[in-house]
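Database features (TrEMBL):
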DOMAIN    1-101  domain 'Lactate/malate dehydrogenase N-terminal'
BINDING   Arg40, Arg46, Asn79, Arg110  substrate binding site
BINDING   Asn53, Val77, Gly78, Asn79  NAD(+) binding site
DOMAIN    112-249  domain 'Lactate/malate dehydrogenase C-terminal'
Amino acid sequence: VAMELEDSLFPLLREVSIGIDPFEIFQDAEWALLIGAKPRGPGMERADLLDINGQIFAAQGKALNAVASRNVKVMVVGNPCNTNALICMKNAPNIPAKNFHALTRLDENRAKCQVPDFLNARINGLPVKEVINDIKWLEEEFMEKVQKRGGALIQKWGRSSAASTAVSIVDGIRSLVTPTPEGDWFSSGVYTNGNPYGIAEDIVFSMPCTSKGDGDYELVKDVIIDDYLRKRIKKTEAELLAEKRCVAHLTGEGIAVCDLPEDTMLPGEM
């Protein structure tokens with residue numbers, strides 16, 4: 001990978017350093033993209049995967065807390081990225097919680113390649129629901145296709161997405177360092193404390209954001225949330241709260257209790 005990066009002649013790339021000690025690699029880092037996570041193997045319980053990957057991100061959080069820039073921005077890609085970002089954040093108390101992101105931009109991009117957020121987006125100035133009258137398709141087939149896109153790719157490719165994930169990471173960072181166009185927003189998994197949507201606090205949840213281009217973000221307030229979307233949000237919220245209880249031993253919040261409401265592994269990830 002290092003050789004390919006060098007051979008790509010990226011104008012901003014000065015050096016590739018390889019190492020196994022995060023306390024060396026993260027020294028003075030301004031951005032940290034935490035990509036690697038163990039994939040789920042045959043017969044592996046969801047709780048076991050959460051524990052194995054959680055330990056990776058707990059260790060990286062401790063290292064970032066010790067040696068990275070005090071304003072380091074952290075983007076967690078390795079799944080389950082929301083809970084891994086929470087674990088990393090909890091192990092880095094000296095870094096602002098707002099600086100941690102879970103990569104949900106790939107889901108946004110996958111949705112946009114079909115149709116964007118159908119509650120808030122417009123087609124030729126008209127609300128999507130007025131142009132696409134098939135609500136059943138929007139709420140069922142469209143949602144399921146986005147949800148299972150990663151699994152479909154694994155079945156064809158034999159491995160998780162690489163190129164599209166890389167593009168979505170670049171998109172996610174660009175959205176934070178470029179002013180958001182008027183009337184637009186982007187998706188990122190961020191800390192829920194103080195959110196205006198009624199989502200449970202103290203988890204990492206994908207929410208609509210805007211940025212002034214300074215690496216920071218603000219949550220969008222005038223978002224349409226109907227009964228259908230509220231139901232979907234509550235389902236995801238319950239899964240993430242259960243995952244949080246399952247990794248309590250890694251976040252300093254006591255003994256882990258794994259009562260996952262269902263198998264929350266993304267389709268196709270097994």
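The chain as shown is numbered from 1 upward.
Just so you know, glycine gets a Cβ as well, placed from its N, Cα and C.
Projection of TrEMBL feature records onto the structure.
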| residue | record | Cβ within 10 Å |
| --- | --- | --- |
| Arg46 | substrate binding site | 18 |
| Asn53 | NAD(+) binding site | 24 |
| Val77 | NAD(+) binding site | 22 |
| Gly78 | NAD(+) binding site | 20 |
| Asn79 | substrate binding site | 21 |
| Arg110 | substrate binding site | 19 |
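The CA atom of Arg110 (substrate binding site) is located 16 Å away from the CA atom of Val77 (NAD(+) binding site). Residues listed for NAD(+), Asn53, Val77, Gly78, Asn79, cover a largest CA to CA span of 12 Å. Reported as a whole number, the C-alpha separation between Asn53 (NAD(+) binding site) and Arg46 (substrate binding site) equals 11 Å. The NAD(+) site, placed at the center of the C-beta atoms of Asn53, Val77, Gly78, Asn79, has further neighbours from the same chain whose C-beta lies within 8 angstroms: Leu34, Ile35, Gly36, Ala37, Phe57, Val76, Pro80, Cys81, Asn84.
The average pLDDT the prediction assigns to the domain 'Lactate/malate dehydrogenase C-terminal' (112-249) is 87. The DSSP breakdown of the domain 'Lactate/malate dehydrogenase N-terminal' (1-101), given as helix, strand and coil counts, is 45 helix, 10 strand, 46 coil.
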